[in-house]
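Enquirer: As listed in Swiss-Prot for this protein:
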BINDING   G237, P238, F239, G240, S241, G242, K243, T244  ATP binding site
Amino acid sequence: MEVKANQAKETKKGVLKRIAGPVVTAVNLDAHMYDVVRVGNEALMGEVIKIQGDNVIIQVYEDTTGIKPGEPVSNTGLSLAVELGPGLLTSIYDGIQRPLEVLVNKMGNFIERGVSAPGLSHEKKWTFKPVVKAGDKVEPGAILGEVQETNIVHKVMLPPNVKAGVVKTIKAGDFTVDEIIVILEDGREYPMIQRWPVRVPRPVKEKKNPTIPLLTGQRILDGLFPIAKGGTAAIPGPFGSGKTVTQQQLAKWSDAKIVVYIGCGERGNEMTEVLTEFPHLEDPTSGKPLMERTVLIANTSNMPVAAREASVYTGITIAEYFRDMGYDVSLMADSTSRWAEAMREISSRLEEMPGEEGYPAYLAARLSEFYERAGLVETLNHQSGSVSVIGAVSPPGGDFSEPVTQNTLRIVKVFWALDAKLSQRRHFPAINWLNSYSLYLDALHDWYDKNVSPDWNKLRSWAMGVLQKEAELQEIVQLVGSDALPETEQITIEVARMIREIFLQQNAYDAVDTFCDMQKQYDMMKAIRLYSDLANTAQAAGVSPAQITTIKAKNELPQIKFVKDYKQPLAKIEKDMDAEFNALRSAA
């Protein structure tokens, strides 16, 4: 598919006829759908979203206060596109890929209107090393060379929407992103920079079934409800249940090579937290600051609503670009509900027929359009790359039956349900293990067998069984107390408490417990299973539940979470536990 030309073309100017918040109507404007236009005397950036006869309806990505009918509107002739090339990593952009650092230097802490800034620095020079030579045939999307951007190698590619060709000359050395680095035999010239329309998914050779988990270091996610690389997940939850902290934990510790974090309509303080924390935190795989693998898109709640839609598309396009280099990318969108609310506002300004709860009828289509751009793929240059999308959903009052949550659940394959009751009990992450699910378990079964342990999947099923059994017994316990239960079920209640408090609870602010690798998760779960087996054997031998639940070694188990070199202390606890149970059985 040929994408619109990079250069803006001058067209006849239109005139503003009507203004309704972020939606304006122009007349006498020669425009196509999704053209980027400049609105008013201040040249505010907007996008054509509807054409009705001579009326061109535009959503404006900046505040429209003070503009009036009669002001000019000019069409750039381009669709909303992002600049892709060296310099993306460590950047922080607004929803339309204006670097906030550049805007601060231009106008201070408060963004003025009508200011444009390129997404990449056009002055900075990058050292380009070619990987192809003169005479080589290059296909669309082929890797031409490399730039050491941070600790990550940025692969410079031929745009995916051009014809194949033969390299005539290719240069090595220091260049800006605009300088020509390769000339093909048919005379076509290409720099390091590409521009790509955000609404058009970047092409791939084929989509594949995901079979490798995206490891996050969070026990409840990796252990019970894993997401695959190239998978989709939703984190719905009421206010204050920990959506943003969970998203930030995933951005910090997930084993993706690149992280794109979109703050879409959420509080500005949350983006500030990411900006202040990430440069000081070390990436566990590379040992470098986490910021070096991150692209941030800050579109906070006080920014114009129309730009929320742009921020989501900008983020996924940048993620696809890194995927095309053969990297695993994880994209966090916090929160897709704010984007849906922006759609609702724009839709009502357009006087469209509302759907459920006032959301537009095309809500489901837009959400699936976004989530379907995730996936594990074979790229055009025959590499394997993936984009994993994790979207937070903020249902008002924690009502999971509202349209955004329901439509999201229909699309995604992993559901991490945050629970206000758990967060009020200070159980974090507050993910409800009874309501959550992952549809990737079967696909990831073999990976866990080979890379963790052949009995990991059985251990996981056992833990889930114990937690479900506890939920069934909870009603009786609340009515008559746990002492009225049969002895075996008293032990089940105790083992479930251990799984909850030792395995599922995790402290995001503890230097060790914030990230837990799969081996440690397996060893912790195995220790709890050992206690369960020893307890059931002791109970069958006549030992009372009161004695079983008060053994000393068990009380030391929770401390293992906070110990980095845990192998020896854990082996000692298991040995002591065995000895104590032997003593109890002998006494019985």
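Backbone N, Cα and C define each Cβ position, glycine as well.
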Enquirer: Name them in sequence order: residues not among G237, P238, F239, G240, S241, G242, K243, T244 whose Cβ is within 8 Å of the mean position of the Cβ atoms defining the ATP site.
Expert: S394, L418, A420, S423, A430
Enquirer: Starting from the Cβ of G242 (ATP binding site), draw a 10 Å sphere and report how many other Cβ atoms land inside it.
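Expert: Its Cβ shell of radius 10 Å holds 22 other Cβ atoms.
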Enquirer: Between G237, G240, which of the binding-site residues has the fewest other CB atoms within 10 angstroms in the structure shown?
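Expert: It is G240 that, of the binding-site residues G237, G240, has the fewest other Cβ atoms within 10 Å.
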Enquirer: Going by DSSP, give the three-state secondary structure for F239 (ATP binding site).
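Expert: Reduced to three states, the DSSP call for F239 (ATP binding site) is coil.
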